[in-house]
Amino acid sequence: MYDWLNALPKAELHLHLEGTLEPGLMFELARRNGVALPWPDVESLRRAYDYDNLQEFLDLYYRGAEVLRTEQDFYDLTWAYLLKCREQNVVHTEPFFDPQTHTDRGIAFETVLAGITQALEDGRTQLGIQGGLILSFLRHLPEEAAMRTLEQALPYRDAFIAVGLDSSERGFPPRLFQRVFERARAAGLPAVAHAGEEGPPEYIWEALDLLQVRRIDHGVRAAEDERLIERLIDTQIPLTVCPLSNTRLRVFDSMAEHNILELLERGVKVTVNSDDPAYFGGYITENFHALHEHLGMTQDQARRLAANSMDARLAGG
């Protein structure tokens, strides 16, 4: 079944480029840039990936991102992910990047963007992988910081297909960023947002009504609100679900408890994605395979999930 799932044409719609930083590449970039890591070797770093919640993961994630310094670093990071896309027949990808993670430590916005966009262009021409880039704001930072990032990005507006909202969810509801998303919408940028992962269903309502998102990233806690589920079915607003991430971060205690197939069978437009695959132990095929292994996902369900991902694209092609 793994090989069949791997060959299935897929789109990936919930993927953080910084979350594809594999331990080997992290050490390579650390050596290249003279960055001291707190782990003596790759295996020690792999053992450090034993965290219990979103915040512990984010602490490790931001520490790892410190090795990314130059345009070439961001190119290499993105290119490594695109090679994995080719390996797993991801024909379309719409990755996030978090500019604040880099600009707050002195890396120029233009440096980050240039490396990523060149790799994505090379992915189109050399690998045939289509897609587009999503500019994502860190919700644990103030609204003013997100607005500054948006203003930095607007001169390069054509480099982006949407804006997003990610990072620590609890205590940072979407309504805090309503003005930022209004400004982005005025510039012609559609929106997506992380909601309903650790946060309550109310955050999903806010993302829909206040941020006017076209997709909900995660969204699995929508199942706690029947009226919300009915709205998602009626509007066919997609959920970009990340099964391995959800179990790794204890959104569900085990994969056997995951609700993605229940949502699929009810008519919610759910999709399968890998989120931060270097940290969660698997790329998109591994996520599909986990659903087969633990939930008995059938080939028909896999085809429908893959078709949903193609239908839910924001970028053409």
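Each Cβ is built from the backbone N, Cα and C atoms, and glycine gets one as well.
The annotation active site, proton donor is assigned in Swiss-Prot to GLU197 on the grounds of sequence analysis. The number of other Cβ atoms within 10 Å of the Cβ belonging to GLU197 (active site, proton donor), over all protein chains shown, comes to 24. Secondary structure at GLU197 (active site, proton donor), as computed by DSSP, is coil.
What Swiss-Prot records for HIS14, HIS16, HIS194, ASP275 is Zn(2+) binding site. Around HIS194 (Zn(2+) binding site), a 10 Å sphere centred on its CB holds 28 further CB atoms from the protein chains shown.
Positions annotated as substrate binding site by Swiss-Prot, on the basis of sequence analysis: ASP276. Other Cβ atoms within 10 Å of the Cβ of ASP276 (substrate binding site), summed over all protein chains shown, number 23.
Residues or ranges marked as site 'Important for catalytic activity' in Swiss-Prot: HIS218. Sequence-distant contacts of HIS218 (site 'Important for catalytic activity'), defined as residues of its own chain at least six apart whose C-beta falls under 8 angstroms from its C-beta, comprise HIS14, HIS194, ALA195, GLY196, GLU197, LEU239, THR240, VAL241, CYS242, ASN246, VAL251.
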8 Å Cβ shell about HIS14, HIS16, HIS194, ASP275 centroid, Zn(2+) site members excluded: LEU15, GLY19, PHE96, ASP166, ASP217, HIS218, THR240, CYS242, SER245, ASN273, ASP276
